[in-house]
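Engineer: Swiss-Prot lists these features:
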- 1-12: transit peptide (TRANSIT)
- Gly34, Gly35, Gly36, Leu37, Met38, Gly39, Asp57, Glu122, Lys127, Ser149, Asn173, Lys305: NAD(+) binding site (BINDING)
- Ser73, Lys80, Ser149: CoA binding site (BINDING)
- Lys80: N6-succinyllysine (MOD_RES)
- Lys87: N6-succinyllysine (MOD_RES)
- Lys87: N6-acetyllysine (MOD_RES)
- Lys125: N6-acetyllysine (MOD_RES)
- Lys127: N6-(2-hydroxyisobutyryl)lysine (MOD_RES)
- Lys136: N6-acetyllysine (MOD_RES)
- His170: site 'Important for catalytic activity' (SITE)
- Lys185: N6-acetyllysine (MOD_RES)
- Lys192: N6-succinyllysine (MOD_RES)
- Lys192: N6-acetyllysine (MOD_RES)
- Lys212: N6-succinyllysine (MOD_RES)
- Lys241: N6-succinyllysine (MOD_RES)
- Lys312: N6-acetyllysine (MOD_RES)
Amino acid sequence: MAFATRQLVRSLSSSSTAAASAKKILVKHVTVIGGGLMGAGIAQVAAATGHTVVLVDQTEDILAKSKKGIEESLRKVAKKKFAENPKAGDEFVEKTLSSISTSTDAASVVHSTDLVVEAIVENLKVKSELFKRLDKFAAEHTIFASNTSSLQITSLANATTRQDRFAGLHFFNPVPLMKLVEVVKTPMTSQKTLESLVDFSKTLGKHPVSCKDTPGFIVNRLLVPYLIEAVRLYERGDASKEDIDTAMKLGAGYPMGPFELLDYVGLDTTKFIIDGWHEMDSQNPLFQPSPAMNKLVAENKFGKKTGEGFYKYK
């Protein structure tokens, strides 16, 4: 009798999970974990397009800083969007801000959300532990998504019991301005989950593209090897960094040269990505670390944010 009861419970649980994954979700309520630049940007665009948002971080001070940054960003948007009607711009800012609440307790706010978007530190263990904990409190239908740019989505999904309702949702910086969103599907991501995230991205005014869970997805898989190859040209003495930048801007039509872009993104960020890929596939020639970049990072010369990278900034 006890065995039969356990089997029935398992069957009902399995049926419930299958039903949740088979159903397309209209995302109205969004929980964003991480109040940094990316998380705040995601919260801003979600709230500005009619979604109810809860922004979560570790302390009230961080959240206050995040909301202040969101307000400043919104006022810039309003100034341009409502140039002829400042009053309407003020109303837009206030309405958007009123749609964003904050919390320092993620577990207490995910029970009724439709979508959880994680945008915290790029650390597999930290992210996995977060998702494992939230999985116990989130509703059955809730979709989990990570904004990671370098970690494997499948590894994060495996920390939960909702692998079919788990995907990558990779925004680009600055989120309010950049139109692209990469929707990353693992082998377990259901078609309905994928469709739900594509639809959600469109409601944000973004252009979603879908891809498999491979290193770098689409943009970084093409961009990072290009940047590293530019550094190798420089390391070999084939050309100066200034001439390489000029060549790519004037010859390829790129708005920034590779060294300018590396300094803008952050050499520490690029090193983190390439090191992670190298760890996954050390034989891939595209994933080989750069001695010149490693040296700069070791000297805490990360680019524009530290005042010096490949170039010096005043």
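Each Cβ is built from the backbone N, Cα and C atoms, and glycine gets one as well.
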Engineer: Can you tell me how far the Cα of Lys312 (N6-acetyllysine) sits from the Cα of Gly36 (NAD(+) binding site), in Å?
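Structural biologist: Here the two Cα atoms lie 26 Å apart.
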Engineer: DSSP secondary structure for Asn173 (NAD(+) binding site), reduced to helix/strand/coil, please.
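Structural biologist: Coil, per DSSP.
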Engineer: Three states by DSSP: which one describes Gly34 (NAD(+) binding site)?
Structural biologist: coil
Engineer: Going along the chain, which residues six or more apart from Asn173 (NAD(+) binding site) have their CB under 8 A from its CB?
Structural biologist: Leu37, Met38, Gly41
Engineer: Given the recorded positions Gly36, Lys127, Lys212, which one's Cα is the least distant from that of Lys241 (N6-succinyllysine)?
Structural biologist: Gly36
